[in-house]
Amino acid sequence: MFYDDNADLSIIQRRKVGVIGYGSQGYAHSLSLRDSGVQVRVGLPEGSKSRPKAFEQGLDVDTPAEVAKWADVIMLLVPDTAQADVFENDIEPNLQPGDALFFGHGLNIHFELVKPSGDVTVAMVAPKGPGYLVRRQFVDGKGVPCLIAVNQDPTGTGEALALSYAKAIGGTRAGVIKTTFKDETETDLFGEQAVLCGGTEELVKAGFDVMVEAGYPPEMAYFEVLHELKLIVDLMYEGGIARMNYSVSDTAEFGGYLSGPRVIDADTKERMRGILRDIQDGSFVKKLVANVEGGNKQLEVLRKENAEHPIEVTGKKLRDLMSWVDRQSTETA
């Protein structure tokens, strides 16, 4: 683990950093780098809706190509599916020997969708939290833990540069963990698919379906399997599974011990291993690339199917009754 004393902020302060993208992570990185005394410019296309926001926050903004030409450290923070095109069209033609190309996620490097030349440092600085939290913690004098990795290091200074960058966005205040592009990519994808997004979503929908099919009102089913999920996740987030079990009733704890393994059993774990194998051997990324090359048609079909599930209809109706819910961030249609 690395902390403030292990990182030299002056290293990144002597460089010119171009942040390509101004989404959740892009704005947090850009503003925190600037506030740490780093020269920073934001790369956004001419028609980007994020341009006014970046200008309003006092940042220098130019096209991705111009920023890549100016910078000697480029942090690529556009979505995974757009990175290869941005690299090919805007970044690669402007890379110089000795430049550094940074990523917030390892997918495109690990699966060789982006292939920088050997005279460019390739590294990753990945905060383990959303951009708003990275920025809020930085402003409060704290930080969000970060992962760093170096995939290509022609000058032998990649780790020091990555640590310096992490310090500039507050990461070393909380702690920085050294990893590899392979481990970060594969664990991140597996967590998303098997547990956080895919697994949880299907578990919730299945629970809803079982209750409704058994004759219970859909509103009751929604409250029990989706709405109350936040209460449980918050407890686990704050103190682990033990904290959650300590905080719920004895009835809930005892029932969970008995019934949980009936839902998630050895067969489930074997299917999860299959998901991990598909990630490790590149099968998933091939499907991802094929979807993008096909105009996202498969993704749009899946989104439509998901949006039409009865739990979404019920949920929208119930959330209309919840004045405390931020509807702007929760409603997608």
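Yeah, the Cβs are placed from backbone N, Cα and C, and that goes for glycine too.
Record note: Swiss-Prot gives Y22, G23, S24, Q25, S48, S50, D80, T81, A82, Q83 as NADP(+)-binding, and the candidate from G129, G131, G141 in that site is G131.
Residue density at G131 (NADP(+) binding site): 21 other Cβ atoms are found within 10 A of its Cβ, drawing on all protein chains shown. Annotation for E192 (Mg(2+) 1 binding site): spatial neighbours G198, criterion Cβ-Cβ under 8 Å with sequence separation of six or more. Across the structure, E228 (Mg(2+) 2 binding site) and A82 (NADP(+) binding site) are spaced 36 Å apart at their Cα atoms.
For the binding-site residues shown (S24, S48, S249), fewest C-beta neighbours within 10 angstroms: S249.
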